[in-house]
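Feature annotations, reproduced from Swiss-Prot:
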- GLN162, LYS335, ARG364, SER365, LYS386: (2R)-2-phosphoglycerate binding site (BINDING)
- GLU204: active site, proton donor (ACT_SITE)
- ASP241, GLU283, ASP310: Mg(2+) binding site (BINDING)
- LYS335: active site, proton acceptor (ACT_SITE)
Amino acid sequence: MPILEQVGAREILDSRGNPTVEVEVALTDGTFARAAVPSGASTGEHEAVELRDGDARYGGKGVTKAVNAVLDEIAPAIIGESADDQRLIDQALLDLDGTPDKSRLGANAILGVSLAVAKAAADSAGLALFRYLGGPNAHILPVPMMNILNGGAHADTGVDVQEFMVAPIGAPSFKESLRWGTEVYHSLKSVLKKQGLSTGLGDEGGFAPDVAGTRAALDLISTAIEATGLKLGADVALALDVAATEFYSAADGYSFEKEKRTAEQMGAFYAELLDAYPLVSIEDPLSEDDWDGWVALTTAIGDRVQLVGDDLFVTNPERLEEGIERGAANALLVKVNQIGTLTETLDAVTLAHSSGYKTMMSHRSGETEDTTIADLAVAVGSGQIKTGAPARSERVAKYNQLLRIEETLGDAARFAGDLAFPRFSIEPAN
């Protein structure tokens, strides 16, 4: 039985130059593991709370309080416990914090410990993390949802939609899907250059040109796909993360593309997009608390496209359960730092899958070289992963880990492909 012997933590930098928490654990059998915690640019109101210092250092974004929480409170509480009892460890962390939103110790402190313990336990057992968490049947490689054009909170442009993604659903393997997506990414750069548009990068490695709006961005990407010789729709489909909470207010509704719109008008806009483009997924099309709008939208177009709840659900089993009961959305975005422990993350995924909801594993805009989510995507069989463009090493690290996993699985590996999107029809309605 592997026993926790040492727990340490430090302040490191994420991909946006902001401090974050890194945790290291050592077991009595000599096993050592570390985990680093990501953070988001557009965060949901209902997410677990990151503990920041709020002082002069790093503009108030330092995390020494969270680091000290690990060293002074968490470490003494879990040293001597068995590392292979993840649920027990995570429950001990929740009990120690004692708040519903993890605001006392900080979700960044708690998650770092939770993930580091899991990685150490896997290594102690002689198993890859995906195998340790997913068991002997974990073998599905996810479709990479590659954010190749950035807007919203991820870029300093006038484009309201936060992410424009390509999904290489027609590829025969993850390795080929990565190649296809990467070739489209480079093709898009050429298309942008030819049109005199910026090829500067946003937070997640995608290009951040200042284009006229959603349709203009989708047209650029469609052109880039076709320029590679791949088929738009059959080979490479499109997806959006609207992040609608970012442009919603109770007073004005949705301030989108220089117009004030209602939830119904936003729904009509999405229906038009579905008629015109091969969209497989739309994330956060409405605000995080617009439950009635979500239900109406799901009823209207949920049989045609994946509707993903990110800010709506914040990887929280309780909010997900409410959404399932109401009939809001049909997929869950999974971000481990939104909820703050591995156990709660796995519980949310289990609830989603048992209720017929799809899941998409996701990074954050402030990332590190940690590759846990790549293993987690395979472990839970999500069939989809969102971890940015094929650029910037903190994004590529996850893709490279998935290449290793596919190679490890050998003939047992299966690429999710278009089966990850059962609601999608290759040909647009009109």
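Backbone N, Cα and C define each Cβ position, glycine as well.
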Cβ neighbour count within 10 Å of LYS335 ((2R)-2-phosphoglycerate binding site): 25
Euclidean distance between Cα atoms of GLU204 (active site, proton donor) and LYS386 ((2R)-2-phosphoglycerate binding site), Å: 10
Length of the line joining the Cα atoms of ARG364 ((2R)-2-phosphoglycerate binding site) and ASP241 (Mg(2+) binding site), in Å: 13
Residues GLN162, LYS335, ARG364, SER365, LYS386 [recorded (2R)-2-phosphoglycerate binders]: greatest CA to CA distance in Å: 17
GLU204, LYS335, SER365 filtered to the recorded positions whose C-alpha is within 10 Å of ASP241 (Mg(2+) binding site): none
Around the Cβ of SER365 ((2R)-2-phosphoglycerate binding site), the count of other Cβ atoms that are within 10 Å: 23
Cα proximity to GLU283 (Mg(2+) binding site), best match among recorded positions GLN162, GLU204, SER365: GLN162
Shell of the Mg(2+) site beyond ASP241, GLU283, ASP310, same chain only (C-beta within 8 angstroms of their C-beta centre): GLN162, GLU163, LEU240, VAL242, ALA243, ILE282, ASP284, VAL308, ASP311, LEU333, SER362, LYS386
Alpha-carbon spacing, SER365 ((2R)-2-phosphoglycerate binding site) to ASP310 (Mg(2+) binding site), which is rounded to whole Å: 14
Between GLN162 ((2R)-2-phosphoglycerate binding site) and ASP310 (Mg(2+) binding site), the C-alpha gap once rounded to whole angstrom: 13
ASP310 (Mg(2+) binding site) and LYS335 ((2R)-2-phosphoglycerate binding site), Cα-Cα, nearest whole angstrom: 8
Rounded distance in angstrom between the Cα atoms of the residue listed as 'active site, proton donor' and ASP310 (Mg(2+) binding site): 17
Other CB atoms within 10 A, centred on ARG364 ((2R)-2-phosphoglycerate binding site): 26
Protein Cβ atoms within 10 Å of ASP241 (Mg(2+) binding site), excluding its own: 29
Count of other CB atoms lying within 10 Å of the CB belonging to GLU283 (Mg(2+) binding site): 28
